[in-house]
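Enquirer: Below is one structure. I have some questions about it.
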Amino acid sequence: MRDILSSRSPGEGKPTAVSQALLKARRARYVGPMTTRRPLRRALLALALPLCAALAPPAAAAERVPVAATAPDAAPLIERLRAGGLVLFFRHADTAGMPCDSSFRVGDRAGQRNISPRGREQSRRIGEAMATLRIPVAKPVLAGPVYRARDTAEEAFGVAEVSVIDGLTADDFSGPRLDWVLGEHRRLMAEPPPPSLNRVLVGHRTPRHHAAGAGGRRPRLPRGLRHRHGAGLAAAHPRHRHVRAHPRSRLPRLLTGRRRAPARLRGLTPRHAAATFGPPMLTSFPFIVTALGVTQIVSWGTIFYGISVLAKPMMAELGWSTTFVFAGFSISLLVGGIVSKPVARFIERRGGRLTLTMGSLVGAFGLAMLSQVNDPIVYIAAWIVLGLASRLTLYDAAFAMLVEIYGMRARRPISVLTLFGGLASSIFWPITHYLNEAIGWRGAWLVCALAVLVLCTPLHLLLPRLGTPIGGSEGEAAQPDPEPLVPAEQKAFAVLMLTIAMAGNSFITTALSVHLIPAVVSMGMAAAVAVWISSLRGVFQTLGRLAEILFGKNLDPFLFANISTGMMVLAFIPLALGGVSVPFFFAFNILFGISVGLATIVKGAVPLVLFGRHGYASVLASIATPGLIVTAAAPTAYAAVLDASGPVAGFWVMFAVSLSSFAATAALAWRFRRVPG
């Protein structure tokens with residue numbers, strides 16, 4: 001950056017117009033409004049140019065001053081911004097005149113200081129200036145979870161283009177995890193942006209010289225700014241007035257990093273810290289995974305598996321056909337595919353805790369609707385509600401919650417969570433059958449609704465809020481995330497390949513869940529034997545997931561995906577060749593069960609390793625949407641194949657579909673695998 005910024009020293013001549021505007025703007029942050037000429041360019045340069053100075057080498061940064069966008073000296077800088085490859089850090093927009101923070105809870109807008117109407121206009125001018133100057137910005141823009149940062153980013157760049165991440169939390173809200181927050185700032189500022197794009201971060205007043213490392217020299221700021229920063233902190237938080245400012249930085253000691261401040265001075269009192277982060281037990285790994293595991297068992301067992309037991313008594317009482325009853329379930333899958341993308345954006349903006357809690361309430365309402373149906377329209381409406389609930393509560397939302405909490409360390413929690421989900425049918429099929437025998441299908445649906453309401457909703461409410469950094473020691477949490485394996489410019493190809501692989505797996509799993517036993521019975525196997533061997537599939541599914549937890553920690557993600565899809569290909573070879581003997585069918589169920597078990601982990605963990613944590617929920621939605629549509633059509637489409645050509649031809653179709661899934665994961669490995677060293 002030495003050849004980009006102006007080489008004039010702060011002591012040479014008069015301050016530039018933009019440096020004066022910057023000084024007035026920073027003072028206005030605490031003492032009142034100001035008027036600005038040329039608002040678009042100065043709004044951008046007043047924020048972006050000091051950042052570029054911060055990114056310069058320490059010795060150079062201390063000698064540089066901002067320049068006006070129209071000045072000849074600014075042309076190289078603007079061209080450099082247009083070339084991309086920079087990290088642009090914006091502090092939130094103006095909040096003058098707004099009430100100060102009171103609750104210190106990340107999700108409590110009313111208890112936070114919000115940007116003022118002038119700040120919203122300021123934010124819009126920043127976005128307009130970036131567009132006017134044709135400065136490329138990587139999407140999504142990353143903003144802190146405190147509302148003044150989120151609102152600044154959303155006003156500047158649009159709600160759909162912003163992803164909220166916990167690492168940009170304000171120091172006020174960080175409590176005893178201030179070191180973690182500063183470590184996340186360092187990681188985000190050091191993380192290379194996509195080629196030809198600039199990464200935009202919108203946060204708070206974290207000192208640049210602190211986040212960049214204790215050894216870095218502070219940039220020289222116009223006279224008066226250093227004192228204003230500390231004075232503003234004390235004015236906003238009266239309990240900090242007694243904190244003595246460090247004589248050099250003029251910042252409160254709690255922000256200087258010279259000495260670790262007591263917990264009561266690190267932004268939060270112990271009471272506020274407990275309100276924000278929760279008791280330690282509720283933020284521990286065993287509690288979080290167990291709570292999510294219980295809710296996944298209940299949600300899958302009621303929303304997804306309940307109809308397979310209760311469909312027959314419903315048809316007997318209501319006089320509906322099998323096609324119509326299961327059409328409602330298919331409609332719920334289609335609705336899930338349609339709402340996947342909006343739900344993913346909601347998760348990224350509002351967090352997994354709120355999403356899962358809403359899903360529990362919506363799911364309980366939909367199940368209660370099913371208990372009262374007498375009319376086909378109400379029946380379809382109930383499944384539409386449950387389609388939305390499934391996207392808010394099942395694996396994709398739970399995986400996104402784990403990534404929100406653990407970041408790139410979420411692979412193991414995701415694997416453990418799938419162990420719980422695999423038990424849902426084994427637990428709820430007998431329970432639902434017993435309830436139907438005892439109180440009828442209406443009572444069974446109502447009990448399912450109560451289970452979701454009473455069990456899932458409180459457990460989801462106890463999960464950590466958005467912005468709560470958890471997991472590992474502070475030193476581990478502050479380490480940079482591993483670089484995603486897939487370059488940003490090739491992300492679309494990688495997502496397409498994973499989508500093909502997962503859609504093929506969904507088609508096979510759903511179709512065979514309905515048609516496998518009738519198909520092998522028609523080929524000559526005894527029904528009792530077919531049922532007994534097929535029931536072992538769940539055992540091998542669980543064993544496959546357990547093996548991944550125990551031995552797959554350092555397994556290459558491409559190899560892991562290829563093992564999952566490759567085992568599916570091998571499973572169909574004997575059946576496609578017409579072999580229905582007990583040993584062949586037993587071997588099929590072993591390979592098929594392990595493959596299905598691993599595929600769930602592939603869907604949750606492999607995208608995290610390939611693409612990183614930013615935009616994770618959106619990636620899952622892109623992968624899931626075609627799979628849900630395929631899942632809805634699979635039973636009917638496979639039935640047509642069986643009716644037209646018989647079971648052997650049906651198994652050849654499945655072999656071809658499994659081969660396409662394997663080809664997709666193999667293409668990923670061929671294109672992106674890195675040579676060791």
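Backbone N, Cα and C define each Cβ position, glycine as well.
Look at TrEMBL and you will find 318-339, 351-371, 377-402, 414-431, 443-463, 492-510, 516-536, 557-577, 583-602, 614-638, 650-670 tagged as transmembrane segment.
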Enquirer: Same-chain Cβ contacts of the transmembrane segment (492-510) under 8 Å, 6 or more residues past its ends?
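Expert: Contacts of the transmembrane segment (492-510) (Cβ under 8 Å, skipping residues fewer than 6 from its ends): 486, 561, 564-565, 568, 595-596, 599, 602-603, 606-607, 610-611, 619, 622-624, 626-628, 630-631, 634-635, 637, 654, 657-658, 660-662, 664-665, 667-668, 671-672.
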Enquirer: Pairs 6 or more apart in sequence, C-beta under 8 angstroms, 3 or more of them: is that satisfied by the transmembrane segment (318-339) and the transmembrane segment (614-638)?
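Expert: Yes, the transmembrane segment (318-339) and the transmembrane segment (614-638) are in contact.
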Enquirer: For the transmembrane segment (351-371), which stretch among 377-402, 583-602, 614-638, 650-670 has the most Cβ pairs under 8 A?
Expert: 377-402
Enquirer: Restricting to CB pairs under 8 Å, which listed stretch, 414-431, 516-536, 583-602, 650-670, is in contact most with the transmembrane segment (377-402)?
Expert: 414-431
Enquirer: With pairs restricted to those 6 or more apart in sequence, evaluate whether the transmembrane segment (583-602) and the transmembrane segment (650-670) have 3+ C-beta pairs under 8 Å.
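Expert: These two segments do not touch.
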Enquirer: Which sequence-distant residues neighbour the transmembrane segment (614-638)? Criterion: at least 6 residues beyond either end, Cβ under 8 Å.
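Expert: For the transmembrane segment (614-638), the nonlocal Cβ contacts are 140, 142, 163, 165, 326, 330-331, 333-334, 336-338, 340-341, 343-345, 347-348, 396-397, 399-400, 403, 495, 498-499, 502-503, 505-508, 510-512, 514-515, 603-604, 607-608, 650, 653.
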Enquirer: Sequence-remote contacts (6 or more beyond its ends) of the transmembrane segment (650-670), Cβ cut-off under 8 Å?
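Expert: Apart from its flanks, the transmembrane segment (650-670) reaches 494, 497-498, 500-502, 504-505, 507-508, 511-512, 515, 519, 558-559, 561-562, 564-566, 568-569, 571-573, 575-576, 610, 638, 641-642.
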